[in-house]
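For reference, the structure discussed in these notes is given below.
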Amino acid sequence: MAASSSLDHLSNRMKLEWHSKLNTEMVPAKNFRRTSIICTIGPKTNSVEKINALRRAGLNVVRMNFSHGSYEYHQSVIDHAREAEKQQAGRPVAIALDTKGPEIRTGNTVGDKDIPIKAGHEMNISTDEQYATASDDQNMYVDYKNITKVISAGKLIYVDDGILSFEVLEVVDDKTLRVRCLNNGNISSRKGVNLPGTDVDLPALSEKDISDLKFGVKNKVDMVFASFIRRGSDIRHIREVLGEEGREIQIIAKIENQQGVNNFDEILEETDGVMVARGDLGIEIPAPKVFIAQKMMIAKCNIKGKPVICATQMLESMTYNPRPTRAEVSDVANAVLDGADCVMLSGETAKGNYPCEAVTMMSETCLLAEVAIPHFNVFDELRNLAPRPTDTVESIAMAAVSASLELNAGAIVVLTTSGNTARMISKYRPVCPIIMVSRNPAATRYSHLYRGVWPFYFPEKKPDFNVKIWQEDVDRRLKWGINHGLKLGIINKGDNIVCVQGWRGGMGHTNTVRVVPAEENLGLSE
């Protein structure tokens, strides 16, 4: 116990010492941002020119929100993103499909008119179809048939993101709840319904979601942001729908309710990554507790080595204003300090008046926040928390990051097929960039999910291997990755470069770490 306390004290002292040396005149390297930026593409940004402008500002991942828009519209986003990628060859752009998810909604009001009600007003919430198009101030329809089975007296019901709140007084029968309104507001048509603190049995996917996922598979999207994930089995169901053709699509579980928070460990086991979706989560649980949930989920993802995205209202005021609030900038920086791999913009880039300015502001904020991270402390903590015995890939990842820190290396160059080795190196948060070289174009795109990874697609065909040709191919790829780093200015000539590779051709062989100088050739002729 005493030893543990001593270590904790040393760690805290080092962290405080690191922070005490920060100053506002620091200028981070603008050409190396570790945190990826996800941008929602909407009417204001759906063109090749706009997407290229967002890329120059810092975009890494294009997000399509399937709560809105037709297939024709989303197809145009995909086509524009792919064309933009071609115009900056070698720098992949990932495409994400964000599902609408299963939801509960009210019915239509009489005449589709808003119906005012006051705090204290008592009425019924009903699943009876006779009110589906005739809701009024006495009977409001909701389309969740099992609501009377899962909810109980004393529970809350929020309508329209909590603008209208009800307390359940009584479960009258299998179709009817007696409720009391808690605030003044309007009953309106087709508004979303939340049941905070109530476990619901909605399916993981609606029929629309299934159709949308098939559209995504057909168009070879790189990742799915799966809305309203409540349990680990939801992820398994999504994998079944994606099928063999969609096996490389990364599934990112959006945690948006108390059930998802309660079942987070089992979800984390199944998913490829997590999104802390703070909008709906802040409705389902008390807003001050979202801060705790964010810290917990990001920490568990970091320990597990799975990517985590922080999202919702990060620079919301920049939708209509050229500058963010100080609180918003602090929110972005805090997410980076917490350990988020990616941060996301929604309305700011989808419909905002200042999309490029928002991305630039987010990029600059991430760069400065990354300077404040005590990387040696983070590495030691993650290494101490790694389960023992570790597997080969994780051991090599730890060794590579340790070497990079001790050598003050300019970069870690990793050769990979699936991107898994790059993910594990990213887990241990090196200071230097991770230059990933892969012949797998899908892996180069979805590796934008991993903090610090700069993915490059290696276009040369894989040769028929013997030992000599294999080693030449390895050196060629390493040289190719180093040269790209030199051209982009993320490494400098003469830097020590930590290289991670297989020790021989084929799958399943132990990886090797070696150190080479950053030169234009590694003993190979051009």
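For all residues, glycine too, the Cβ spot is worked out from N, Cα and C.
According to Swiss-Prot, the protein has these features:
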BINDING   ARG63, GLY279, ASP280, THR312  substrate binding site
BINDING   ASN65, PHE66, SER67, HIS68, ARG105, LYS191  ATP binding site
BINDING   ASN65, SER67, ASP98, THR99  K(+) binding site
BINDING   GLU256, ASP280  Mg(2+) binding site
MOD_RES   SER36  phosphoserine
SITE      LYS254  site 'Transition state stabilizer'
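Features per Swiss-Prot, on structure.
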residue: SER36; record: phosphoserine; DSSP (3 states): strand
residue: ARG63; record: substrate binding site; DSSP (3 states): strand
residue: ASP98; record: K(+) binding site; DSSP (3 states): strand
residue: ARG105; record: ATP binding site; DSSP (3 states): strand
residue: LYS191; record: ATP binding site; DSSP (3 states): coil
residue: GLU256; record: Mg(2+) binding site; DSSP (3 states): coil
residue: THR312; record: substrate binding site; DSSP (3 states): coil
Least buried by Cβ count (within 10 Å) of the recorded positions SER36, ASN65: ASN65
Binding-site residues compared (SER67, THR99, THR312) - highest count of Cβ atoms within 10 Å: THR99
Alpha-carbon distance [ASN65 (ATP binding site); ASP98 (K(+) binding site)] in Å: 5
Additional residues surrounding K(+), by Cβ distance to the ASN65, SER67, ASP98, THR99 centre under 8 Å: MET64, PHE66, HIS68, LEU97, LYS100, GLY101, PHE225, SER227
Integer Å distance between the CA atoms belonging to GLU256 (Mg(2+) binding site) and GLY279 (substrate binding site): 7
Nearest recorded site to the residue listed as 'phosphoserine' by CA-CA distance, among recorded positions ARG63, ASN65, ARG105, LYS191, LYS254: ARG63
Residue among binding-site residues HIS68, ARG105, LYS191, GLU256 with Cα closest to the Cα of ASP280 (substrate binding site): GLU256
Inter-residue C-alpha distance, GLU256 (Mg(2+) binding site) and HIS68 (ATP binding site) (nearest angstrom): 19
Sparsest-packed among the recorded positions, when each Cβ's other Cβ atoms within 10 Å are tallied, from HIS68, LYS191, LYS254: HIS68
Per-residue Cβ crowding (10 Å cut-off), top of binding-site residues ARG63, ARG105: ARG63
List of residues, in chain order, with Cβ under 8 A from that of PHE66 (ATP binding site) and at least 6 apart: HIS74, LEU97, ASP98, THR99, LYS100, LYS208, ASP209, ASP212
Inter-residue Cα distance where the pair is THR312 (substrate binding site) and ARG105 (ATP binding site), in Å: 21
Which of GLU256, ASP280, all binding-site residues, has a Cβ with the fewest other Cβ atoms inside 10 Å: ASP280
Alpha-carbon spacing, ASN65 (ATP binding site) to LYS254 (site 'Transition state stabilizer'), which is rounded to whole Å: 13
Candidate with sparsest Cβ neighbourhood (10 Å radius) among ASP98, GLY279, the listed binding-site residues: GLY279
Cα distance (Å, whole number) from THR312 (substrate binding site) to SER67 (ATP binding site): 15
